[in-house]
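Notes follow once the structure below has been shown.
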């Protein structure tokens, strides 16, 4: 297989049944980019020697320096299946176009994974066979299943089991089994009815084993072919015996289920005897330098070494031999082609999850059928910087229709509502580009089922959006598993450079799916990210790429808190409008546990049918059904984890002031009364309203501030407190380092929740909760206390209530409130109730 020209690529793009859109996902350092190299080698893009070392899809200098992937990178390649028996039934010919996206594994960049999953139909999940399924494996797999993306698995770093841990073959089998079982537990936990059962099993060919660094991999299919040809038996029968409790009794010449021979001798299971043993024997012969032994094995395997290769020894020779015998690229590409769906298959069950409009309209039908003649529907999931500073390719997937260079299209942002003109422009597409890792190639048009980059769209979209050619609903915006909770204020050393900073922040906001850039009312310029590393990368980009190297001053990182209440308002709160002609009576209640999380997870949404919503709230949280039907608003921003409920009866003119009251509620929830942080987990009941009969006296200018003040009064009478964000830290270390972990955790208000040894390894898995505000410098601190043996990975987990009185400056929560108020330039001390609560 050679590098394929753009012209040939176009022909493949039309053959929808033979396209595979897939991404590589895993925990950090489990070997995604290294494995991707094996696939890229097959496409003839890098040489065989460089595979596993080049990390071709790590295109940025900082990715090569840090040895981690920061941005997801797309590459298209072509593969032909040689064995006609293996071609899938719905395929059209034996040539396949594979659009692969390599994604980051570090939790701080998991928004990049979400963007990659949105435009793909399948995912290759990489699991380190020593470390097993880790916290980020769980996160990315959950995201994949939420997007209805079908997973297949590769158990990576198998060479470590043989060379480092020197495990017995049976132990290795049990270790692989545990990892596969853990993946299947996650798949069944987050399963989706429409996606169907996507559990993985080596016997079905959906699990491979290999080593990305050494460039080899195999599925059981490979050995089934080899042994069935040798013994002259049916390939499928052989395949069934290579996994599970199947033991070959050579004397009796039959398979047993119990591992004991007729005379009580211990039998080896099929996987060990026919798959793992040959590999282990070859490994040992080469590493121990037993030339006669391994040359005999190579002859049996029909592997011919070149004169140069014969000179090699040890690991170098091992790599060469294994790449020739079990090339990872071929194994993985076959697995991708055979077990991942084409756009034609996948879009049938993915459309209902993606399209926001009715499922029987023209756009939805075209998406479900992947119809290139239907209306254009494309989702832009991220922006990729071009060589032209400050400009971006809009990268996305065409779900129906065909997008053409120079064609007119409607570019709609995530807030577009059909029938309205906001957040939508009609413009020409300047160019369509094939994204090829480090390079791009212009192309005239791109039919549905493919991923593509667009030039000239970046001016009209911030981060993501939908591109159509007719009036249609938009494709649902992405939901990220992390939130930007760590932020810094940025300013320029030289005030005259301020316009460059503002422009740079706009560009940074575009380039990163998650990064938030905004200006506070106090005039501070804020950049917010998911964690310390994410923020560091964003700030480096901001200074070097988007602000032309302007010197910047960056404050210490600050963490976002949330305000809440801990008990119902002790009195009914009354606020009057400025003209004293209107009165609002409200009361606040804290959410029952779990409701805020349900709202954020989308279990109940503002657009859910009100009867369904009421049923859910009454059954799960014991709400009164009538009250649950009268939810006016979720806040802030009409979608947050707070609710405004109308419990009044028969109030005249109430509908006329509804918008103003909702507006006031949203304002109050966005900037809380305690320290201007967002409010979370509060339900506000509107209990009574007295309105002036004349509409001119109850306009927005009167009612919005009145509603806001009343909400604040309710919060102040409900024992207000703060919620701080907590990380779930997963730390892998040997037993000797556990003491150091406890020391660091206790110093940082952390709480260890579990520690367990990974069976068959000397490693311990320690899980702990760590406050985000205590996490700065945590990794360096931990490494210095454990002599560099502990590797932490922190994922945002939940919001934790801080105990104490917010008005008492000597308590922990009081001192945090005082510090936040001082930083924001607010008056000292929490405002008193008399500022918001009016007397009758």
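For all residues, glycine too, the Cβ spot is worked out from N, Cα and C.
The GTP binding site feature in Swiss-Prot is assigned to 26-33, 156-159, 211-213; the stated evidence is similarity to another entry. Annotation source Swiss-Prot lists domain 'tr-type G' at 17-251. The feature phosphothreonine is assigned by Swiss-Prot to 57, 59. As annotated by Swiss-Prot, diphthamide applies to 697.
Around residue 26 (GTP binding site), taking its Cβ as the centre, 28 other Cβ atoms fall within 10 Å, counting all chains.
The closest partner of the residue listed as 'diphthamide' among the binding-site residues, by CA position, is 26; the full candidate set was 26, 30, 32, 156, 213. In the three-state DSSP scheme, residue 32 (GTP binding site) is classed as helix. Around residue 28 (GTP binding site), the same-chain residues at least 6 positions away in sequence with a Cβ under 8 Å from its Cβ are 68, 104, 105, 106, 107, 136, 793. Cβ packing within 10 Å was compared across the binding-site residues 158, 213, and the lowest neighbour count falls to 213. Looking only at the domain 'tr-type G' (17-251), the predicted model's pLDDT averages out at 85. Just so you know, the Cβ of residue 32 (GTP binding site) picks up 28 other Cβ atoms within 10 Å once every protein chain is counted.
Of all the Cβ atoms in the protein chains shown, 14 others lie within 10 Å of the Cβ of residue 697 (diphthamide).
Cβ neighbour count for residue 211 (GTP binding site) (all protein chains, 10 Å cutoff from its Cβ): 29. The DSSP secondary structure for residue 697 (diphthamide) is helix. Following the DSSP three-state reduction, the secondary structure of residue 213 (GTP binding site) is coil.
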